[in-house]
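Database features (Swiss-Prot):
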type	residues	note
BINDING	ARG39, ARG45	NADP(+) binding site
BINDING	ARG130, SER131, SER132, ASN251, ALA252, GLY296, LYS311, PRO312, ILE313, PRO314, THR315, ARG337	FMN binding site
Amino acid sequence: MRYLTAGESHGPSLTAIIEGIPAGLTLHPADIDHELQRRQGGYGRGARMSIETDRVQISSGVRHGKTTGAPITLTVINKDHQKWLDVMAVGDIEETLKLKRRVKHPRPGHADLVGGIKYHFNDLRDALERSSARETTMRVAVGAVAKRILAELGIDMLHHILIFGGITITIPSKLSFRELQERALHSELSIVNPKQEEEIKTYIDKIKKEGDTIGGIIETIVQGVPAGLGSYVQWDKKLDAKLAQAVLSINAFKGVEFGVGFDMGFQKGSQVMDEITWTPTQGYGRQTNHLGGFEGGMTTGQPLVVKGVMKPIPTLYKPLMSVDIDSHEPYKATVERSDPTALPAAGVIMENVVATVLAKEILETFSSTTMSELQKAFSDYRAYVKQF
């Protein structure tokens, strides 16, 4: 399985092409639209999300509600493009029109300046448009297809926010996977403690009035993955490494942890390692899950626990100082439309990116020309692991 995305933030549309999806997977536009709508939701989103109503168009690879095994083409129309026809025109236009919405005051924390240097851009909008988080629309669309595969194999997942702009969410003890999932899904903030909703919303409103932004830490949990996915035989086959790369590729993500993560640096080995158990009904298991479901780059059969830290959004309505790329004089950074926080949306993106990596690993590990073939191979492997 592989995919490409294309499109600019204010261009006509966004596109993804996915190759390697088994034939026979039940797939409807509504499956993808559901995830796209989740990405657009959440408290703290800005005006762009009130303009766009993301709906996918499937133009290849699916017939009569089933995948055919051919490449799948997904497209999402940018409604806002109608206001940017001159700025984002494909053909050549008058010089005066080229200066319209030109970006020459790069924003600290964005790809504007370095992208302009690398690709020799006189207008930094050429970097801004593609590096925008709008691109993640299509990664969510791809992830929605991946989640359909995982669901057919009995794999489920959730995400929730652990830290919201410096406010630590108190996680009620002994919540089951399903309870965590339901609480996060029914929260505008993707948190599992409803008692903290108003406190955080008030804080977001305050940050917005200040023209500032906040980040935080997101946790994704995956249930139902059997032991043995990934490999220790080469560095690039380790599944946790693949997940780390994928999570860090999401806009504004600056760190990844598995299990208790960086807290391991403060603990002894006897406190961190997950003791092994065995029962006739369950087979091998672990007493704890400090390592987040990974050992030696492979899944252990425990829930996968992946955490990602998102920096505050770099576009500030009270802009930081920058430099004019023409005169090299100090100047306030360009202001583009932005949100005080996008943590709930980032959680949806992270969840779908993780789903894509896991689906790809499964498709590369098991016979998967068709879904029935994949389901049989996966079921047989689960049975083997249980009796080992």
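Any Cβ shown, glycine's included, is placed from N, Cα and C.
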Self-check item: For ARG45 (NADP(+) binding site), the one of ALA252, LYS311, THR315 that lies nearest, given that the binding-site residues are compared by Cα
Solution: THR315
Quiz item: Whole-number Å distance between the CA of ARG130 (FMN binding site) and the CA of ARG39 (NADP(+) binding site)?
Solution: 18
Quiz prompt | C-beta crowding around ARG45 (NADP(+) binding site), within 10 angstroms | solution = 18
Self-check item: Long-range Cβ environment of ALA252 (FMN binding site), under 8 Å and at least 6 residues apart
Solution: ALA133, GLY215, MET310, LYS311, PRO312, ILE313, PRO314, ALA342, ALA346
Quiz item: According to DSSP, which kind of secondary structure is ARG130 (FMN binding site) found in, if we only use helix, strand and coil?
Solution: helix
Quiz item: According to DSSP, which of helix, strand or coil covers ILE313 (FMN binding site)?
Solution: coil
Practice problem: Please find, for ARG130, SER131, SER132, ASN251, ALA252, GLY296, LYS311, PRO312, ILE313, PRO314, THR315, ARG337 as listed binding FMN, the greatest distance between any two Cα atoms, in Å. | Solution: 43
Quiz item: Any idea what the Cα distance is from ARG39 (NADP(+) binding site) over to SER132 (FMN binding site), rounded to a whole Å?
Solution: 15
Exercise. Out of ARG39, ARG130, LYS311, give me whichever of these binding-site residues has the highest number of other Cβ atoms within 10 Å.
Key: ARG39
Practice problem: Might you list, by sequence position, any residue in that chain lying six or more from THR315 (FMN binding site) with a Cβ less than 8 Å away from its Cβ? | Solution: ARG107, HIS110, THR213, VAL335, GLU336, ARG337, SER338
